[in-house]
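According to TrEMBL:
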type	residues	note
BINDING	47, 48, 49, 50, 51, 52, 70, 135, 140, 162, 188, 330	NAD(+) binding site
BINDING	86, 93, 162	CoA binding site
DOMAIN	43-229	domain '3-hydroxyacyl-CoA dehydrogenase NAD binding'
DOMAIN	231-338	domain '3-hydroxyacyl-CoA dehydrogenase C-terminal'
SITE	185	site 'Important for catalytic activity'
Ligand code: CAA
Ligand code: NAD
């Protein structure tokens with residue numbers, strides 16, 4: 001039984017998808033790939049949440065053949081809704097005065113996206129798997145174990161994990177696959193953030209790394225390389241910074257509003273650290289990092305014991321908020337409080 005579900009109304013647009021015959025021409029136009037390396041043309045994104053939907057979108061915008069997979073048609077619909085809102089925004093920016101071209105761009109992007117509910121059933125045609133499912137090592141390992149058995153030899157596996165060691169996730173796959181297994185860490189909101197971290201384990205081979213550099217270039221992102229260390233580059237710096245901002249509040253040295261204003265106007269950051277841990281203004285109703293995620297990253301690091309203890313020292317107010325289910329904007333309350341359908345911020349939350 002096929003697990004592919006096509007978005008209704010896009011059958012015609014999909015006819016415009018490049019044929020197998022044309023793909024090598026497109027590939028040679030975009031690629032700087034050495035001949036020993038395989039060009040990545042088809043991508044499976046597992047997880048149609050905030051990150052998976054964003055990754056599927058940017059890959060499709062770059063005319064890669066994408067299959068976005070999630071557990072149920074309902075979850076897939078949520079992913080499609082995220083893409084629909086974002087791709088319209090991108091199209092408006094690209095063609096501000098031409099509604100016809102905007103629609104063409106949107107339809108063309110959708111024509112590169114298929115969806116399904118069983119990754120194992122579609123992985124046979126994939127050059128690259130990008131996993132963006134729930135941040136849980138057992139669930140990720142279970143997924144990759146079953147994909148390893150079903151995928152062709154050449155398929156590259158990647159995880160978008162924020163905080164789990166890539167080698168730990170990869171170790172359930174064969175030795176051969178571990179040579180083609182890396183971290184591919186995108187940032188939120190994916191369509192707007194230009195960076196991708198490529199996380200190299202001790203086992204990953206040079207061709208795999210180069211293929212990942214090429215594919216991130218093709219989707220319009222800049223890549224940086226990093227070893228498989230806690231938080232890679234960005235989160236290793238960002239998470240302790242966010243935690244220290246909460247400690248400033250805890251010590252009563254400054255208010256959360258003033259800390260956010262200080263870092264925006266004094267350091268040129270687009271969002272203050274508490275805002276960043278609490279909210280999203282662009283991808284409602286989801287959050288950026290979320291207090292639950294922040295706490296779980298710090299606790300994971302504390303357990304692993306590889307990060308300075310001072311960086312992972314708990315913050316009582318964070319622990320209390322998460323225990324009460326106040327994860328930030330997505331739940332209406334975090335350090336700040338939010339109201340209304342768009343979750344507009346109404347000020348610091350009452351304790
Ligand atoms: N889809 C498409 N485009 C989007 C978008 C979306 N969902 N969200 C933003 N954009 C684009 C806008 O079109 C706009 O493009 P131009 O500048 O080219 O016109 C640009 O992004 C800026 O958007 P806005 O003008 O609407 O809003 P802004 O200037 O306030 O910027 C922001 C919004 C880009 C989110 C900015 O506030 C920002 O950079 N914030 C920090 C985000 C951040 O730090 N993310 C990383 C979180 S950590 C992480 O992701 C890693 C992890 O593992 C947890
Ligand atoms: P999310 O909760 O929005 O989406 C996760 C999706 O995965 C859900 O739709 C869920 O139904 C689906 N899923 C769960 N198990 C599955 C399975 N076995 N097979 C198929 N689908 C499954 O989460 P998110 O924020 O998109 O995060 C996804 C991953 O990206 C996590 O590893 C997270 O650490 C990482 N990440 C998140 C951010 C962020 O700011 N949210 C940034 C970078 C990386």
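Indices start at 1 and increase along the chain as displayed.
Cβ from N, Cα, C; glycine included.
TrEMBL entries are annotated by machine, without manual review.
Quick caveat, the model's predicted, so the values are computed rather than measured.
Annotated features taken from TrEMBL, shown on the structure.
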residue : record                                  : Cβ within 10 Å
47      : NAD(+) binding site                     : 25
49      : NAD(+) binding site                     : 16
51      : NAD(+) binding site                     : 24
70      : NAD(+) binding site                     : 24
86      : CoA binding site                        : 22
93      : CoA binding site                        : 9
140     : NAD(+) binding site                     : 22
162     : CoA binding site                        : 22
185     : site 'Important for catalytic activity' : 25
188     : NAD(+) binding site                     : 20
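Confidence in the domain '3-hydroxyacyl-CoA dehydrogenase NAD binding' (43-229), given as mean pLDDT, stands at 97. Cα of residue 185 (site 'Important for catalytic activity') to Cα of residue 140 (NAD(+) binding site): a span of 15 Å. In terms of C-alpha distance, the listed binding-site residues 86, 93, 162 place 162 closest to residue 140 (NAD(+) binding site). When secondary structure is read from DSSP and collapsed to three states, residue 51 (NAD(+) binding site) falls in the helix class. Checking the binding-site residues 86, 140, 162, 188 against ligand 1, the ones with a C-beta less than 6 Å from an atom of that molecule are 86, 162, 188.
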